[in-house]
Every structure is written in C-alpha cells, then in structure tokens.
Amino acid sequence: MKKIVLAYSGGLDTSCAVRWLKDTYEAEVVCFSAFIGEVGDRKLLMQKAKSAGASKVYVENLKEEFADDFIMPALWAHAKYEGKYLLATALGRPLIAKHLVKIAAIEKADCVAHGCTGKGNDQVRIEVGVKTLNPDLQIVAPLREWSFKSREEEIDYAEKHNILVSATKKSPYSIDKNIWGIAIEAGILEDPWTEPPADAYFMTRPLSEVPKKPLYVTIGFEEGRPVSLNGKSIKLVALIEKLNDIGGRYGVGRSDLIENRLVGIKSREIYEAPAATILQLAHEELEGLVMDRDFLHYKRVLSEKYAEQVYYGLWFTPLREALDQFFATHQSRVTGFIRIKLDQGQAVVVGRKSPFSHYSEELATYSEKDKFDRKAAEGFMKIWAMPYRGHKGK
Ligand code: ARG
C-alpha cells in the first residue's frame with residue numbers, strides 16, 4: 001500500500017487513524033472530509049488532520065449533491081426503513097464512498113479507509129459502495145484492526161503523537177448528523193426500557209417547550225420537487241435547513257426505535273428528522289391526490305424494498321437505479337401545494353391542492369351537488385361479488 005485516502009471526520013477515532021495508518025502501513029495518508037450537515041470549521045479540520053500526519057486534506061461542501069442525488073430519490077421513493085427510519089445516515093454513506101473513490105483516482109491512491117466500527121451498518125455501506133465503484137481499491141478499517149480498547153487509550157495515543165483533538169467534552173452518545181436528520185445511540189440509550197433523557201435530543205424541542213399555538217406551513221411542489229415555502233420559492237438545501245429549524249421548534253420528527261441492523265444485531269436508536277418528516281409527509285399526500293389507487297398501493301411495496309436497499313448499503317446497484325426510474329415515472333404530475341399544521345410535536349396535513357388532482361367534490365359530496373351515479377353502483381356490486389356468491393364465511 002502506498003497511498004491511502006481516509007474519510008476523516010475530525011473526531012478522535014479518525015484523528016488517531018491518520019497516524020495509525022501511516023505507521024502501520026507505511027503509507028501516505030490523504031484525508032477527505034465532507035460537509036453534508038453543518039458546515040464546520042474548514043481551517044481547524046485541516047490543522048487537525050495535518051497534525052495527525054495527513055499529507056493533504058480535502059474538505060468539500062457536498063450538501064447540494066447530497067440533497068439532489070440522494071435525498072430527492074429517497075423522497076420520491078417515500079423511503080423509510082422498517083416503516084420508521086428516514087435513512088439520513090444510510091443516504092450519506094454512498095455519497096462518501098463515491099467521493100473516496102473519486103479522490104483516490106485523483107491522488108492515484110491504491111487504498112481507502114474509514115472510521116466506522118466493526119458492528120455497524122456504515123462499514124457495509126462505505127465498503128460495498130467503494131467495491132461497486134472501484135473493485136481494485138483496497139479498503140482498511142482501522143477500528144476493526146487496532147488494539148485500542150478505550151477512548152482513554154486513544155487520547156493517550158493522540159497526546160503522545162501531538163495530534164490535535166478538540167477539547168470538547170465527549171457526548172455520552174454516538175451521533176451521526178446531516179441535513180436529513182440525526183441518529184443518536186449508545187450510553188443510557190442501550191437500555192431499551194429507559195426513556196431517552198432530554199440531553200439525547202439535539203434538533204427538536206421537548207413538548208414542554210414547544211410554542212402553544214400551532215404553526216401552518218405551505219409547501220409547494222413542482223414535478224415532484226419541493227420548490228417553495230409559504231409561497232416563496234426556495235432552494236432545496238435551504239428549504240430542508242429551514243424546515244429542520246421550524247419543525248424542530250415544534251418538536252416534530254422524533255422517533256425512538258429498536259431496529260434490525262444488517263449485521264444481525266437489534267439496536268436501540270433515536271432519531272430526529274424534522275424536515276425529512278415534513279417533506280415526506282407532504283410528498284406522499286400530494287402524490288396520493290394525483291395518482292390512482294393501483295399505483296399508490298403497489299408503490300408501497302416498492303418503497304419498502306427501496307428503503308431496505310438503501311439501509312443495506314446497496315445504493316450503487318441495478319435494482320436501486322431501476323426503482324428510481326419507477327418512482328420518477330409520474331413525478332411530472334406531483335405539482336401543487338400541501339398545507340401542514342405543526343402542533344405539539346406533530347406534523348399534520350390540513351390542506352392539499354393540485355392542477356392534476358383526481359379528487360372530485362362532485363363525486364365525493366353528500367350534498368345536492370352530487371353527480372355520482374348511484375344506479376351504476378348496484379351493477380358494480382353484482383359483478384364484484386360474482387366470484388364469491390354463496391361462499392359461506394368461516
Ligand atoms: N442506525 C442508523 C443506520 O444504520 C444510524 C447509524 C449511525 N448512528 C450513530 N448514532 N452513529 O443508518
């Protein structure tokens with residue numbers, strides 16, 4: 001191994017990893033950091049990586065690419081793993097894999113590395129992503145190999161090698177955050193019977209602190225893409241960030257679940273995803289207004305499959321690509337407005353309209369405006385029941 005590109009977060013693990021890789025493999029280490037959540041301190045990140053021994057540091061703001069190429073497809077797919085998790089972390093990993101491979105090519109590196117642990121899903125997502133994009137690259141996961149047994153040992157190692165690490169107190173949780181949401185695990189959360197304490201939430205307020213009065217927001221969609229907020233056009237990343245802020249203030253988008261990891265473990269994780277919750281609710285509602293029953297019911301099956309593909313690290317695969325085509329097919333009709341009420345931790349749809357709406361008041365009404373042909377209903381039942389006539393139920 002001559003040159004390694006490391007996915008570098010600036011945290012203790014990846015900081016130690018720079019030096020460890022350099023010494024263990026006698027290789028040059030190039031660091032790559034991506035901003036897909038908050039934009040961090042670029043200079044500090046570079047300083048830290050250099051202090052750990054990196055020969056070069058790439059820091060890239062990839063929020064737009066993340067939103068356009070990863071969040072949008074997941075939004076169209078209505079992707080939720082096990083019906084609940086909106087996949088923020090799972091969507092971020094293939095993006096990181098893609099850029100690791102890209103930088104490895106630029107740098108003529110023969111290896112990439114990451115700081116994922118050996119029992120999580122993220123190692124799978126990054127490594128399968130890298131292998132699908134460039135099977136010739138070697139991959140090293142220092143956390144699966146090195147002998148550090150505790151955080152203290154890593155801190156000692158960093159001190160010994162003059163590696164700059166932030167002085168901030170370590171949170172008792174393991175956190176991963178980007179604009180599509182935050183995942184929080186470990187610490188006291190490992191006891192599935194314990195209610196998450198207040199300090200385990202970062203993006204949303206508890207119900208005791210949300211505004212008393214509800215807030216109404218209107219999201220405008222054009223051809224499937226959310227393009228406006230309360231009548232004002234807004235870019236996708238800005239909209240997501242704004243909805244995280246507003247939704248968070250109303251306590252929207254929290255969940256607490258036991259999920260089935262790909263590696264076979266059940267884990268307890270809590271999530272906050274205000275913008276993702278609101279946007280997926282809005283998109284589902286609008287699509288429900290403009291599409292027919294068969295399409296909608298069948299799509300649910302594919303949504304579940306799609307969420308699994310994403311969760312299992314199978315992003316760069318023929319099936320995911322084909323499913324994206326399916327979900328894109330009728331987005332041109334998903335144009336219109338959805339009105340949502342944010343109230344006491346909930347986001348609830350209260351209004352919807354679209355030029356492509358299939359809703360007909362004349363057909364639905366119970367008033368004198370009714371145009372529904374009740375006579376025809378009789379014949380419909382006759383034929384619908386035909387196969388089952390006389391079948392005595394159990
Ligand atoms: N369980 C989530 C997933 O597999 C999140 C993983 C990262 N979580 C964390 N707290 N570091 O996508």
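For all residues, glycine too, the Cβ spot is worked out from N, Cα and C.
TrEMBL annotations:
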| type | residues | note |
| --- | --- | --- |
| DOMAIN | 3-163 | domain 'Arginosuccinate synthase-like N-terminal' |
| BINDING | Ala7, Tyr8, Ser9, Gly10, Gly11, Leu12, Asp13, Thr14, Ser15, Ala34, Gly115 | ATP binding site |
| BINDING | Tyr85, Asn121, Arg125, Ser174, Glu259, Tyr271 | L-citrulline binding site |
| BINDING | Thr117, Asn121, Asp122 | L-aspartate binding site |
| DOMAIN | 173-388 | domain 'Arginosuccinate synthase C-terminal' |
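Structure coloured by features recorded in TrEMBL.
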{"residue": "Ala7", "record": "ATP binding site", "DSSP (3 states)": "strand"}
{"residue": "Asp13", "record": "ATP binding site", "DSSP (3 states)": "helix"}
{"residue": "Tyr85", "record": "L-citrulline binding site", "DSSP (3 states)": "strand"}
{"residue": "Thr117", "record": "L-aspartate binding site", "DSSP (3 states)": "coil"}
{"residue": "Arg125", "record": "L-citrulline binding site", "DSSP (3 states)": "helix"}
{"residue": "Ser174", "record": "L-citrulline binding site", "DSSP (3 states)": "strand"}
{"residue": "Glu259", "record": "L-citrulline binding site", "DSSP (3 states)": "strand"}
{"residue": "Tyr271", "record": "L-citrulline binding site", "DSSP (3 states)": "strand"}
Report summary line: Same-chain shell around L-aspartate excluding Thr117, Asn121, Asp122, C-beta within 8 angstroms of the CB centroid, reads Cys116, Lys119, Gly120, Gln123, Val124, Arg125
Report summary line: Sequence-ordered list of residues in the chain of Gly11 (ATP binding site) that lie 6 or more positions away and have a Cβ within less than 8 Å of its Cβ, or none, is Gly115, Ser166
Report summary line: Nearest to Tyr85 (L-citrulline binding site) by C-alpha distance, among the binding-site residues Ala7, Ser9, Asp13, Thr117, Asp122, is Asp122
**Report entry** Winner by Cβ contact number (other Cβ atoms within 10 Å) across the binding-site residues Tyr85, Tyr271
**Finding:** Tyr271
Requested in this report: Would you work out the biggest C-alpha to C-alpha distance among Ala7, Tyr8, Ser9, Gly10, Gly11, Leu12, Asp13, Thr14, Ser15, Ala34, Gly115, the residues that bind ATP according to the record, and give it in angstrom as a whole number?
Outcome: 17
Report task. List the binding-site residues Ser9, Gly11, Asp13, Gly115, Tyr271 whose Cβ sits under 6 Å from any atom of ligand 1, in sequence order. Result -> none
Query - Residue pair Asp122 (L-aspartate binding site), Ala7 (ATP binding site) - Cα distance, angstrom, rounded - result: 12
Report summary line: Cα of Asn121 (L-citrulline binding site) to Cα of Ala7 (ATP binding site), in Å and rounded, measures 16
Requested in this report: Out of Thr117, Arg125, Ser174, Glu259, Tyr271, point to the one nearest Asp13 (ATP binding site) in space (Cα versus Cα); all of them are binding-site residues in the record.
Outcome: Thr117
Requested in this report: Determine the mean pLDDT over the domain 'Arginosuccinate synthase C-terminal' (173-388), rounding to the nearest whole number.
Outcome: 97
Query raised in the report: What is the one among the binding-site residues Thr117, Asn121 whose Cβ has the most other Cβ atoms less than or equal to 10 Å away?
Result: Asn121
Query raised in the report: For the binding-site residues listed here (Ser9, Ser15, Ser174), which one has the lowest count of neighbouring CB atoms within 10 Å of its own CB?
Result: Ser174
Query raised in the report: Taking the Cα atoms as reference points, how far is Thr117 (L-aspartate binding site) from Ser174 (L-citrulline binding site) in Å?
Result: 11
Query raised in the report: Quick one: Cα separation, Arg125 (L-citrulline binding site) versus Ser9 (ATP binding site), in Å?
Result: 17
